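Worksheet: one structure, shown below.
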Amino acid sequence: MMYGQVLHRQDREEDLVNLNVGGIQHKVERCVLLRFPNTRMGQLIQCCSDAAILELCDDYSPAEQEYYFDRSPQVFHCVLNFYRTGHFHALEELCVFCFSQEIEYWGIGELDLEACCLDWFLERKHDREQNACGGSSNATSSGEISVVGSDLWRFEGTWCSDVRKFMWQTLEDPNHSKCSKGVAAVSILVILTSIVAMCIHSMPEFRYATDSEHSVLDSLELFCNIFFSVEFVLRVVAAPRPWTFLGNPLNMIDMASVLPFYVTLAFESLDEGDGEENQSLVNMGKVVQVLRLMRAFRVLKLARHSEGVRAFGETLKNCQSEVGLLILFITVGISFFSTFIYYTEKEDASSKLSSIPVCWWWAIISMTTVGYGDVYPQTAAGRIVATLCILCGLLVVSLPITIIMNNFSKYFETNTPKRRLSVAKT
């Protein structure tokens, strides 16, 4: 018997399954497909009725015993190779999301990929997901600098659309025109002036001076707050969607930097109006002091005009899991080493590590390698524990740095070209 006759025996033909995937026909042995019975093809071979078969394929011809699938024939070559050899490899020229969807249809998981393909596949998919998420999340952050692309069409048909569009571009996009650059420069100058005035006001010679002696600082403070208020109101009026505008984190920072000034004035006016000293006025004074602390938000207003500050904020947002893990590790380390150092130092009368809460402070400055030197172990065992604490702190703090730096670099890689393109379009 010739070799060709052996391949075409009738009993051999009955064991073959006819598959038509994307117009390409395949003949595969049943036993090959049954190697992975939990996949789509494995379940298809085990079906006993035409209705069950049609639930797993797009069409079926009982006369020709052929199954039809309207799927990618390129990916099916990888799937078919997986059935035949047990080794699953990916195609680099295909989109990772398309490939992932196709193999999910065939009932094969990404983790079935061989090690040579799995690493680059997951890395490339993660990068694409980050870029996709960054496209939506950075639409807000990128829009703070360049809003030419997405929101201008919303002005069509609204009241005073041309004037509001000009105001919006002037206030929100420093690269739009020379006027917008001038407005941005003035805004930065006022922010820096406000910060300097706040710092000078905290000096003892100005803090306890009379009203007449520091009236210049008060006038400067008033001018800065009026400028911030007018700028914020104009941006709200010019915004195409004020309700969405107010929900933006940077705009909430602007509101938080302006609102305390007026609330403080209201409380101080109530305090001056009532000459009697009572507990309610004391509490009101404490509230005023807390509100004055919110002036520090003015520093964050620079993020509107600073690419670096915005990149830092976006990096922290994209690294929430890594930062959370870092905080968790540091917290666990502080709890462990503070308890450990307390029991090694409590017998020494000269040691300042007299309680576990005091040891918390020591563990914090040791794990972060700050080391103020105000509290330190006295015994040899305590110094050994301190050495271990510092080494663990170095490891814990350094582990997520690479991931954070990668996200920081990706932010510039994905956003800088977009902004250059949007500026070029204007």
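Positions of Cβ are set from backbone N, Cα and C atoms, glycine also.
Unlike curated entries, TrEMBL annotations are predicted automatically.
Copied from TrEMBL, the annotated features are:
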| type | residues | note |
| --- | --- | --- |
| DOMAIN | 15-123 | domain 'BTB' |
| TRANSMEM | 182-200 | transmembrane segment |
| TRANSMEM | 323-343 | transmembrane segment |
| TRANSMEM | 355-372 | transmembrane segment |
| TRANSMEM | 384-405 | transmembrane segment |
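Within the chain, the transmembrane segment (355-372) has long-range Cβ neighbours (under 8 A, six or more residues past its boundaries) at 330, 333-334, 337-339, 341-342, 386, 389-390, 392-394, 396-397. Computed over the domain 'BTB' (15-123), the whole-number mean pLDDT of the model equals 86. DSSP places the residues of the domain 'BTB' (15-123) in helix, strand and coil in these numbers: 52 helix, 21 strand, 36 coil.
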